[in-house]
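Take a look at the structure set out below.
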Amino acid sequence: MARRKLVAGNWKMHGLAADLGEISAVSIAAETAGADVALCLPATLIERAVRAAPGFAIGGQDVHQSDKGAHTGCVSAAMLIDAGASLTIVGHSERREAQGESDADVKAKAESALLAGLSVILCVGESDAVREAGDAVSTVSSQLDSSLPRGDVASAGVPDRLAVAYEPIWAIGTGKVPSIADIGEMHAALRERLKAAYGEAGEGVRILYGGSVKATNAAEIFGVDDVDGALVGGASLKTSDFLPIVEAAR
Ligand SMILES: O=C[C@H](O)COP(=O)(O)O
């Protein structure tokens, strides 16, 4: 099945008002790109980025599962939408590890975001030790099964508003990338899990690859079956690094 690719940048804890020019430049290039393009920014930048790049897809990097309440430092889906965001990442490994987020938390966050009207990029991925033990596919498949929003919540957003990002933890920011065969094996397995969860609608959910994607490896990665785009960290911070990746996604 042909799926339009999605290239999303994740700025993580980078970005100040001085960087808004980078966002505008990406948004202009995105108008004629052969793929969907988005930038997931620190919450502090979202509203200004939306003003600087009207119509361009700006997202958050996390969302709380509750609508509101006594959750110091957290941001709800309604708040992201209020700031102008149209999507959010959930379940990034940096949050699963540093904030102790469980699959159940990630599932609740994805459901809350979808119900509020956001698109969701749901991240899964294995550690180096799991890969070395030969358990990557079974571990990540089970992580996805436990993290996916339940079918009745997802139904309105599947396949259009839900994407999965496979990000091997050991490949994030390291310059290491799995072999093309390993990426293909994992994405095929995740496609099967999506179809098991959502039936034929699971065919339309985009599965992104993330972890040391660069201009030099993007085209080869995008050529793998069931790789429907990328979640890009470090190489999304500068337009000159990011746009060649967008260009490769046709
Ligand atoms: O969310 C993005 C990923 O963690 C990948 O980061 P990276 O491209 O810097 O390896």
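Sequential numbering from 1, following the chain as shown.
In case you wondered, yes, glycine gets a Cβ from its N, Cα and C as well.
Unlike curated entries, TrEMBL annotations are predicted automatically.
A C-beta separation below 8 Å, combined with a sequence spacing of at least six in one chain, links Gly234 (substrate binding site) to Gly173, Asp241. Under the heading substrate binding site, TrEMBL lists Asn10, Trp11, Lys12, Gly173, Ser212, Gly233, Gly234.
Secondary structure from DSSP puts His92 (active site, electrophile) in coil. Counting Cβ atoms from all protein chains shown, His92 (active site, electrophile) has 28 others lying within 10 Å of its own Cβ. Annotation comment: TrEMBL describes His92 as active site, electrophile.
Annotated active site, proton acceptor per TrEMBL: Glu167, in sequence order. Within 10 Å of the Cβ of Glu167 (active site, proton acceptor) there are 27 other Cβ atoms, across all protein chains. In the three-state DSSP scheme, Glu167 (active site, proton acceptor) falls into the coil class.
For Trp11 (substrate binding site), the same-chain residues that are 6 or more apart in sequence and have a Cβ closer than 8 Å to its Cβ are Leu39, Cys40, Leu41, Pro42, Leu45, Gln61, Ser236, Leu237.
Following the DSSP three-state reduction, the secondary structure of Gly234 (substrate binding site) is helix. It is 9 Å from the Cα atom of Ser212 (substrate binding site) to that of Glu167 (active site, proton acceptor). Candidate binding-site residues: Asn10, Ser212. Fewest other C-beta atoms within 10 angstroms, Ser212. Comparing Cβ neighbour counts within 10 Å across the binding-site residues Gly173, Gly233, the minimum falls on Gly173.
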